[in-house]
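Enquirer: According to TrEMBL:
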ACT_SITE  Asp67  active site, proton acceptor
ACT_SITE  Asn136  active site, for ring-opening step
ACT_SITE  His138  active site, proton acceptor
ACT_SITE  Glu143  active site, for ring-opening step
Amino acid sequence: MRIIKAADYQDMSRKAANLISAQVIMKPDSVLGLATGSTPIGAYQKLVEWCKNGDLDFSTVKSVNLDEYKGLPRTNDQSYYYFMHENLFDKVNINPANTHLPDGTEPDSDKECARYEALIQSLGGVDLQLLGLGHNGHIGFNEPADEFDKVTHCVDLQESTIEANKRFFASADDVPRQAYTMGIGTIMQAKKILVVVSGEDKADIVAKAFFGSVTPQVPASILQMHQDVTLVADAAALSKVPQK
Ligand code: GLP
């Protein structure tokens, strides 16, 4: 694992965007695995800026998102579909037909998860997967569990996740209780993984996930087993990492 230490959120965002940009420049038809949450927003802003000034071209890029709330229509401003359009897709020259998310409006979980998993495989897998980190160590919506979930599946969100995400909704009651997410196996199949983390409130989980034991109770800990992971984190998020 490579750790790139950033000074602060802005620096983390620029460094992460540089790595995504390098991927797109080196392989213009890359399949990017994209993430939501507040952490990647700054990196997306940089990509938009560089696309607008002509340094970056998304015209042949394809994307698959990690996850989506089950039951939220695309028009709901808290759906991840809406988030991605708002923060990236509508602001760069990506072909909307090449952007993919789980369909939160499909009520049949088995059908939707099988469709999404097959779609990812049909694109040839993910070249670079961007990940944020939940406070409980979740990646995508893979919550702490007794075993690692392999493929795209429907999850019941944990109370801590509902708590963390309620800031985006009118109240905790409005946060959907379920979501579709790529599985840990799906994520681990990505050729490269880029994790972005910022803030002191993530310092404990960064230390646990990347320097503790590999356990499904800390889903992100599995990333220690991946051969090409880059963690871009700011000084606050790295403040509890054991010093050599
Ligand atoms: C959400 C998303 C994750 C994200 C996490 C952290 O629950 N499903 O993909 O990484 O929260 O979010 P934030 O970056 O806002 O801390």
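Quick reminder: no glycine exception, Cβ is built from N, Cα and C everywhere.
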Enquirer: Quick test of your reading of the structure: among the active-site residues Asp67, Asn136, Glu143, whose CB sits under 6 A from ligand 1?
Expert: Asp67
Enquirer: Below 8 Å Cβ to Cβ and six or more residues apart, same chain only. Which residues does that give for Asn136 (active site, for ring-opening step)?
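Expert: Glu143, Pro144, Gln158, Ser160, Thr161, Ile205, Val218 - these are the non-local Cβ neighbours of Asn136 (active site, for ring-opening step), listed in sequence order.
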Enquirer: Where His138 (active site, proton acceptor) and Asp67 (active site, proton acceptor) are concerned, what is their Cα separation in Å, rounded?
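Expert: Each residue's Cα considered, His138 (active site, proton acceptor) and Asp67 (active site, proton acceptor) end up 12 Å apart.
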Enquirer: Which of the three DSSP states, helix, strand or coil, fits Asp67 (active site, proton acceptor)?
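Expert: It is in a strand.
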Enquirer: Within 10 angstroms of the C-beta of His138 (active site, proton acceptor), what count of other C-beta atoms is obtained when all protein chains are considered?
Expert: 27
Enquirer: Same-chain residues six or more away whose CB lies under 8 A from the CB of Asp67 (active site, proton acceptor)?
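Expert: The list for Asp67 (active site, proton acceptor) reads Thr36, Tyr80, Pro102, Gly140, Phe141, Ala179, Tyr180, Thr181, Met182, given in order along the sequence.
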Enquirer: So for Glu143 (active site, for ring-opening step), how many other CB atoms are inside 10 Å of its CB?
Expert: 22
